[in-house]
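Take a look at the structure below.
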Amino acid sequence: MHQVRAQQSATSLARNAPPRVNGADPFNGYESRDFCNAFWGSGDAGPNVLFARMRGAERTTDELRNFWHERTNIEEEYAQKLAKLAKVPIGVEEVGELRTSLNILRKESEVQAASHLDLANRMRNLLEKQTADFHMKQVNHRRTLQANVEKKLKHRQTQETFALKAREKYEGDRARINAYTQQLDYMTGVDAQRVEQKLARTRETAKANEKDFLAFTQTLSELLAEWQTEWRNFCDACHDIEEDRMDFMKDNLWLYANEVSTLCVSDDQSCERIREALDQFEPERDVLSFAEEYGSGNDLPQPPSISSDPNDPSSASRTQYADFPRGSHRTPRAYSFDGYALGHQPEPTNTATQPNGATGTAAESIITHSPEITPAVPKPDPQPVIAPVVNTTPRTATTTAASASTSSPSIGSTANVNTSPIVPPLAPSIPASSPPPVVPQPQPGGSIMRGPSVRSPSLPTPNGQQSTEMPAHERKVLFYGTFALSLIKIGANCAYALVLVWLVRALYDYQATIEEEFDFQAGDIIAVTAAPEDGWWSGELLDEARKVEGKHIFPSNFVCLF
């Protein structure tokens, strides 16, 4: 039978519980733990513990009712403040998509206020009301059944006291009778007569006390039979109401979790509508649209003509139009991570050859403030998918170079950094309980042939040479949900570049078989930097304590999307 571990308690349960000797079984080998079989024993320990339990259960329900009441007031007050805030105008002087976004913000705030107010009403009408009703049920149980049983218990205790006193008197009389009888064996004369008189009076008293003892015992026996029936019925009733209380508590708390999570979904939908409005909001376009709609023209002011003769060529209109290059002193927006900043960086004058053969300055590959290269945060898939199964086909230099060029974005290109996510190929889901996949076996040569290893993209340096080795402290990972941005420091000029990767989670333990592989354990998170079609991916373990530089190859069929 399943044994439930008793929890320590500082309440009346601990004070009323009978002490248990180590190794002693208070149930004498019986397996039943029903209330009607578990609260007997000598003395009044059983009733005291069960009464304390019912009082504590009633107190718990009342405390929960008070909690729902306060929680409802907090939710209602928040809804009212949010509704009041939603009526405050924002950006009445704005135009374009910014004004639309601000209006949607106020509208969705009003929707959220209505949702929170609806939650407060449901909590009051469902959670608090149901808890109050169940608390009243417990109060009625205490006032009717428990109060009656407590009276029966006191009556039984009184009869037990009378019976014990009558027994003490009767046993005292029997002891005196035995003492007087022994004295008569060696006494004679007047002393013997006195002892005989005491013996006669004691015998008469003993008969009366014996009669009282038998009467009390008979009454107690009848009362104990009634008590057993009453107590057993009360224990069954307590067992029932306790099971009802546990079911109610579970359902009530579950309902609260469901209601709050439903509100979270509603709030998230409102936030999604705000994000959809912001998707249409392009700051530069809004600024230019303001000038387009409300601009006063580009005619430059001219001084008045000196000559009054209309035929004088110098008096002809010489209108000029503004066509100046923009001079911006705006500080670029910067991305920061662990003390590193991505923003305005010094532009080196050297040029670096790009992987596609084009040339350009190294500064052209640096992330600076530009709306076109702002990393777009991809939405995670609803369900994780398993990475493709490892192909045992050996990797060659040709396939490696091709897969590396298609899987890893170029950092040194003259165009803006490509932030499109590397979409991993999908594979059927593998149950978590399935055995780990088979790792490709070594070739006759004694090692698994993978061809040349996949390195990180070549990075430009201040002297124009290519660099592929990056110190561990100069590479960081920025997390964006299911995906991440790998932050790489370029040379000594404190410039940085971003490479978009995605995160995977290990399904099984894996032990490296060659030098370029790394060990990982089930549950580890790995940032994927390249995904060749042969299934041997390149990445780095997101655990600084166990990550080893130079080891970046792992099998893709041991992981799934994180």
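Backbone N, Cα and C atoms are what each Cβ position is placed from, and that goes for glycine too.
TrEMBL assigns the feature region 'Disordered' to residues 1-25, out of the candidate ranges 1-25, 51-75, 126-150. Taken residue by residue, the domain 'SH3' (499-562) breaks down under DSSP into 3 helix, 29 strand, 32 coil.
Along the domain 'SH3' (499-562), the predicted structure has mean pLDDT 88.
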